[in-house]
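Feature list (source: TrEMBL):
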| type | residues | note |
| --- | --- | --- |
| BINDING | GLU88, ASP107, LEU109 | Mg(2+) 1 binding site |
| BINDING | ASP107, ASP110, GLU270 | Mg(2+) 2 binding site |
| BINDING | ASP110, GLY111, SER112, SER113, ASN198 | substrate binding site |
| DOMAIN | 24-183 | domain 'Fructose-1-6-bisphosphatase class I N-terminal' |
| DOMAIN | 188-321 | domain 'Fructose-1-6-bisphosphatase class 1 C-terminal' |
Amino acid sequence: MDRAAPATPPDIIATDLIPAPLAACIAALCGTAARISTLIARGPLGGTLGAAVGANTDGDQQKELDLMADAAFADALRGTGVRHHASEERHSIGTIDPEGGLALAIDPLDGSSNIDVNVSIGTIFSIYPAARTPEASFLRDTAEQIGAGYFIYGPQTALIVTFGAGVQHYVLDPETRRFILANDRVAIPPQSIEFAINASNYRHWPQPIRAYIDDCIAGDTGPRAKNFNMRWVASLVAETHRIMMRGGIFLYPSDSRKGYERGRLRMVYECAPIAMLIEQAGGRATDGTLPILSQVAASLHARTPFVFGSAEKVDRVAAYHDLPDEEVSALFGSRGLFRA
Ligand SMILES: O=P(O)(O)OC[C@H]1O[C@](O)(COP(=O)(O)O)[C@@H](O)[C@@H]1O
Ligand SMILES: [Mg+2]
Ligand SMILES: [Mg+2]
């Protein structure tokens, strides 16, 4: 990353909460995230980061910053024990350290449509023990993750990370350039009136999702008998961070558009790690009905419908899928089962 600031200080994240076999890998991710954060903060002064430069395997537009972040993380991971490396921006799985014991999947830059508009974006990562083959390292039960996290580049740059024993929140101190522990046990608040969904796709959604959202929008005139508030940042990391801090629910369901039969978000490097974080923070993450943790991606870039957040809300979405057809298709005034 040419336009980057200083190299990784050895104590970029001084904590004893990171398992020893993962420490070098996490330090490398932190050092790179700190440099990316400096670049993002320069905005237009840093160059044409938001310029479109091509398309990835999925046909998604790639921005200059997507590719710079991808290269920077891959470079930094050399010598940190990562054998298999999968990225949203790469067609196939690469080998970094042939003798390494880890497999790391990464969405190097999440929410890239927000680069130009100074809205929070992020990096998502998922870590497994390396398996015998590259495919076996990632096409496996998502419950086998040994670490998962995201960096959010917003008004603050922060790391939210889990190693399977709760969720830790670190904030990058812009003066010392170190990630400082802010909370060693993040817990998702169970109550919130916020839901997040791209409502412009309403006409394409399956009926149970429409019914759930109809009932939120009906507010105190509907079966829920209370008012809700809607949010949509179009940046999965930003939505996740809000839910981690304040509770609520996120939905990106499957829909009837071509290419959205399994939703939009990718299992290996978006949904699996976010699901591990959410469950470790006391929330729930499903594909609408079934838990994400315990599913196996069909392919490296496979997508999945994704619903996560406060546990009671996610369970309620699953319950809408169990309603008889006549009840789920009824106008909210006739839906009686879910009075809050
Ligand atoms: O534009 P849409 O359909 O609302 O989709 C928004 C979603 O797409 C994403 O931007 C996909 O991630 P990438 O930017 O890594 O491709 C998510 O962050 C976000 O939740
Ligand atoms: Mg993404
Ligand atoms: Mg991305």
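Even glycines carry a Cβ here, placed using N, Cα and C.
Here the features listed in TrEMBL are painted onto the structure.
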| residue | record | DSSP class |
| --- | --- | --- |
| GLU88 | Mg(2+) 1 binding site | coil |
| ASP107 | Mg(2+) 1 binding site | strand |
| SER112 | substrate binding site | helix |
| ASN198 | substrate binding site | coil |
| GLU270 | Mg(2+) 2 binding site | helix |
Composition by DSSP (helix, strand, coil) of residues within the domain 'Fructose-1-6-bisphosphatase class 1 C-terminal' (188-321): 57 helix, 25 strand, 52 coil
Of ASP107, LEU109, SER112, SER113, ASN198, the binding-site residues whose C-beta sits under 6 angstroms from any atom of ligand 2 are ASP107
Residue among the binding-site residues GLU88, LEU109, SER112, GLU270 whose Cβ has the most other Cβ atoms within 10 Å: LEU109
Residue from SER113, ASN198, GLU270 whose C-alpha is spatially nearest that of ASP107 (Mg(2+) 1 binding site), among the binding-site residues: GLU270
For SER113 (substrate binding site) and GLU270 (Mg(2+) 2 binding site), the CA-to-CA distance in whole Å is 16
Result for ligand 3 contact check over binding-site residues GLY111, SER113, ASN198, GLU270 with Cβ cutoff under 6 A is none
LEU109 (Mg(2+) 1 binding site) and GLU270 (Mg(2+) 2 binding site), compared by Cα position, are separated in whole Å by 11
